[in-house]
Amino acid sequence: MTIYLPAGWTPARAAGKSKVGFSQCTTLEPWRVQFNKDIQAEAKNHPDIDLIITDGQDKTEKQVADCDNLIVQQVNVLLISPKESAGLTGVVEKAIDAKIPVIVLDRNVDTKRITQFIGGDNVAIGKAAGEHAVKLLGGPGKAAGNVVEIWGGMGTQPAHDRHDGFHAFTDKEPGIKYLLNNQSGDWKQDKAYDIMTTALRNNEKIDMVYGHNDPMAYGAYLAAKDAGRDKDIKFIIGIDGLPDEGVTWVSKGQLTATFLYATPGAEGLRQAAKLLKGEKLQPVITLPTMLITKENAPDILKKNGLL
Amino acid sequence: MKALFRLLSRTKLYWGLLLICLIGALISPHTSSGHNIFLSYGNLTDVLRQVSITGLVATGMTMVILLGGIDLSVGSVMGFSTVICAMLLTKPGWTSASVLGVPAAILVGGTAVALAARFVFSGLARGRDVSAGRRREISLPRWQSIGLPGLLGLLAAVAIGWWTINQVPGKFGVLGVLVIAPCLAMLLGGINGLLIVAGRLQPFIATLAMMVSALGIARLTAGSDNAVVPVYTGTNATEAFELLRSMLWGVLPVPSVFFLAAICLFGAILRFTTFGRYAYAIGGNVEAAKLSGIKVAQVQLTAYLLSGLLAGIAGVLFVAQYRQGKPDAGTGLELDAIAAVVIGGTSLMGGRGGLAGTFVGVLIFGLLSDILQLQNIDSNVQLVMKGLIIVCTVLVQEQNLGQLAARWRHRKSGEAQADPRTVETHRPPSAAKAELAREDLDEAS
């Protein structure tokens, strides 16, 4: 169990240790929790680094205050995963002005004055999901079936990227029909469950569900299961690939596949360590995705100590 | 004619419900076999199931609002209940210190609540009786109030529930979960009530504070590195737990049975018991109620306790349905509940309205959601339409159809008559309010 002490409470650091501050935007979502776990696990490999994590509690103004606080503490490197771009740009520039290098994780800010950006590519992941979907539905040119797509937050960039990437492949297939029109599950399992319940009532034939994240795909699976139709809907695809969520569900055969949206936690800290040793960093690192199916899911679970 | 208008006006909410059903049926998509999807039994029971959680919370909210209060904490309290419930199900034994600490703290808090409640009932309430001469007080009949014995009973219930989960496997373990989570939620409701009656805080402030801190308590209980407590099938007692989302005798979804039972039970309590009479009296005019010797604090505390209890039960049903405990599961729920209560014609000022209205309000909300979803309308458009329906329903609710018709007739015949609504304001406000309260009592049945 992690306790997020107010940063002022950390004990005086040992001589020669560097301070790395990480401003996380929220810890209310499982993906963010995994993100923090990853960065903490990596921190264990760097005994010369003191890692300070702050929790922005899903509020821009709280996260700005967190960053201000880290700047005042004169951290050697600032890692930040912004809640939103515009609101956090100012404080990132302030850190740069204070000669603190800034590594931006997952979502970017509206300024070129950053040291490095590390993040996944949602469009690429959406494309991978779309390519896989076409394959499952009969292959290019022959793919056919009714697809239910459950959106994440309608106003969020990742949802639009995951949508656009998916459709880049599936729109070429005349046999694929979409049953829902922009239905948002708000990234939540319970909302997706209710949407899917109605979709099942409304449509006698559903072949595939594409959820913008795993919890929503799982919620759709539960709805299908409760309606006794989980066997008819063969392909349920999610995105995120957290070990204790998506990967577990895939290994149990409840989801057909999921695509890893890796957290930039571990990589972020490795890059910070490089920077502290005086190495130069490349401006952008894009994290690769990975297809997780029933074949490779057990290995991932083993690696994470869940099997 | 006038009588007809009066009848129409009184029952307009039900006509609205009927109208929505009619529209839903007319524009509903059909299955390939020509079957109307909206009217299908499966769809209608689905709607009942989907509104049950909001409905339970709205039931408690109605009682609080009737008393002139408000409970903003219900969403967080429900989230807390889902976490307790999920942890009880997934962690057999569940004895790790950090996890046990929070319920223990709440138990201690609960005892403090009980002691403070005694203080309120024996001292404060009596001391503030301003009626001249001999002090006369009217308490609730013992079985209708949750005083010190009730709170101690709650603690005992939690202890027994705890024992059941750890000692008795299977279905009875589930009973333990069904007791513990709602009782702990009820204690949070009790703290709300005490802050309001003993601490003399505004209900808005007290429950706002609880809304924030209950979320924190829920997250601490889950452990800060668990955003979600998943309940996978096959874990402790989940098989029996499945009963909570099944269909009762294949007819009604179990969550909706809880909702319907709550509406009937508390509807009857509001209609037939002293508690109900006092609730309307206090909501209508607190000072008058105090002057006539009603133990206002006792009634208020009971209402907040019940609101917490119902939110707690909603939490258990949430876990059964969606297989997860989530500290923020109820975010925004308080607003949905308030909206349903207001659509149902209960006045935010208190003293007017009832559970029959809330039931219809919850159904209108749910059916509308279902119709929009069946029409496959864009999520963002759905939000706008829901906002519109709140405004429209309340507008129609506030207008008296009979009066509108009267004005229209007068204008037509050219008679210069005073607006009936202006006439009404010339009467002493208390008389007007008393009459309204009487009408609502009739309607509430």
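From the backbone N, Cα and C atoms, a Cβ is placed for every residue, glycine too.
Residue ranges B:23-40, B:77-94, B:275-292 are listed, and TrEMBL annotates B:77-94 among them as transmembrane segment. Take the transmembrane segment (B:247-270) and the stretches B:50-70, B:204-222, B:337-368: counting Cβ pairs under 8 Å, B:50-70 has the most. Counting same-chain residues at least six beyond the ends of the transmembrane segment (B:204-222), those with a Cβ under 8 angstroms from any Cβ of the stretch are 70-73, 75-77, 79-80, 82-84, 87, 99, 102-103, 106, 188, 191-192, 195-196, 228-229, 325, 327-328, 334.
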